[in-house]
Amino acid sequence: MLIPFSMKNCFQLLCNCQVPAAGFKKTVKNGLILQSISNDVYQNLAVEDWIHDHMNLEGKPILFFWQNSPSVVIGRHQNPWQECNLNLMREEGIKLARRRSGGGTVYHDMGNINLTFFTTKKKYDRMENLKLIVRALNAVQPQLDVQATKRFDLLLDGQFKISGTASKIGRTTAYHHCTLLCSTDGTFLSSLLKSPYQGIRSNATASIPSLVKNLLEKDPTLTCEVLMNAVATEYAAYHQIDNHIHLINPTDETLFPGINSKAKELQTWEWIYGKTPKFSINTSFHVLYEQSHLEIKVFIDIKNGRIEICNIEAPDHWLPLEIRDKLNSSLIGSKFCPTETTMLTNILLRTCPQDHKLNSKWNILCEKIKGIM
């Protein structure tokens with residue numbers, strides 16, 4: 001059963017609330033099941049942060065359901081250039097988010113369910129949560145062969161991944177979140193989670209590719225709504241709480257004071273890209289010049305998402321050394337992103353001799369450089 005989460009039926013989840021108590025009026029004795037009415041990845045991730053930072057979960061576990069419009073979510077210690085096709089994401093208007101938990105990269109859309117299990121640090125148990133999901137799936141379709149693995153994934157028929165896991169453990173609280181593939185766009189998923197960038201050297205956490213499958217392909221009755229209700233029922237029975245899914249608005253400051261600032265932080269370039277572990281790119285590409293292919297070599301060091309070292313090598317007869325040196329020096333300290341590179345190269349182009357052939361070569365080189373960003 002869905003219940004709107006409004007000021008008239010708010011819940012006091014803390015005995016010693018660390019935020020203004022205006023957002024929560026009544027006391028929850030055993031636990032709570034929430035569902036976001038938002039499909040914005042940043043707003044929903046902010047709910048996780050808020051609950052983790054502000055709620056006393058002693059004896060009051062929380063299950064949080066949320067779904068996002070098409071988005072790619074990378075782990076806390078991952079490199080987006082290594083994990084996904086950023087150029088395709090920009091073309092398609094797909095959001096990129098970096099979560100605060102570890103783990104690998106996932107694709108979200110409205111055919112995917114996200115589940116977050118909040119507990120105290122002492123009660124944190126990923127395997128128990130996954131077993132709960134398996135029981136819920138078997139309750140609605142006993143013929144399903146779903147098993148939890150040692151890597152805390154859920155496999156369908158022993159080979160198809162339908163759920164991936166990540167977690168965050170704080171000083172006193174913890175959460176485990178996972179996906180559940182119902183009717184996700186598999187073609188889009190595989191295209192977006194395939195990096196086209198070559199020559200990346202990084203110590204960032206790398207995702208492990210897996211075969212995936214939607215539950216709806218196995219049984220067309222297994223819709224997102226059916227699955228969420230099944231998991232909620234099993235969760236309520238396990239924790240002996242009311243089987244009610246309470247709808248929340250993750251932008252409501254009366255319920256979650258300060259939550260919008262958390263969502264804004266998650267959208268910043270400094271968080272999404274700037275938190276990428278230091279990496280380098282050592283690659284090359286070819287350009288056509290007078291019916292022959294010339295090789296352009298590129299070596300770039302990136303730290304905190306900004307170019308620290310830049311060395312672009314091209315034949316002198318194709319592009320003068322002086323111009324290449326200007327390009328190398330101008331990019332140092334800039335964001336490793338096509339928008340800022342476009343701005344810098346346009347400014348630099350104005351200082352170059354107004355020569356049609358030279359400008360054409362310059363544009364070709366700059367487009368190639370932006371293509372690896």
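Backbone N, Cα and C define each Cβ position, glycine as well.
Swiss-Prot annotations:
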{"type": "TRANSIT", "residues": "1-25", "note": "transit peptide"}
{"type": "DOMAIN", "residues": "57-243", "note": "domain 'BPL/LPL catalytic'"}
{"type": "BINDING", "residues": "Tyr107, Arg151, Lys161, Thr179", "note": "(R)-lipoyl-5'-AMP binding site"}
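Known features from Swiss-Prot, placed on the structure.
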residue: Tyr107; record: (R)-lipoyl-5'-AMP binding site; CB count, 10 Å: 24
residue: Arg151; record: (R)-lipoyl-5'-AMP binding site; CB count, 10 Å: 11
residue: Lys161; record: (R)-lipoyl-5'-AMP binding site; CB count, 10 Å: 19
residue: Thr179; record: (R)-lipoyl-5'-AMP binding site; CB count, 10 Å: 23
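Each residue in the domain 'BPL/LPL catalytic' (57-243) has a pLDDT score, and their mean in this model is 97. Taken residue by residue with DSSP, Arg151 ((R)-lipoyl-5'-AMP binding site) is part of neither helix nor strand, so it is coil.
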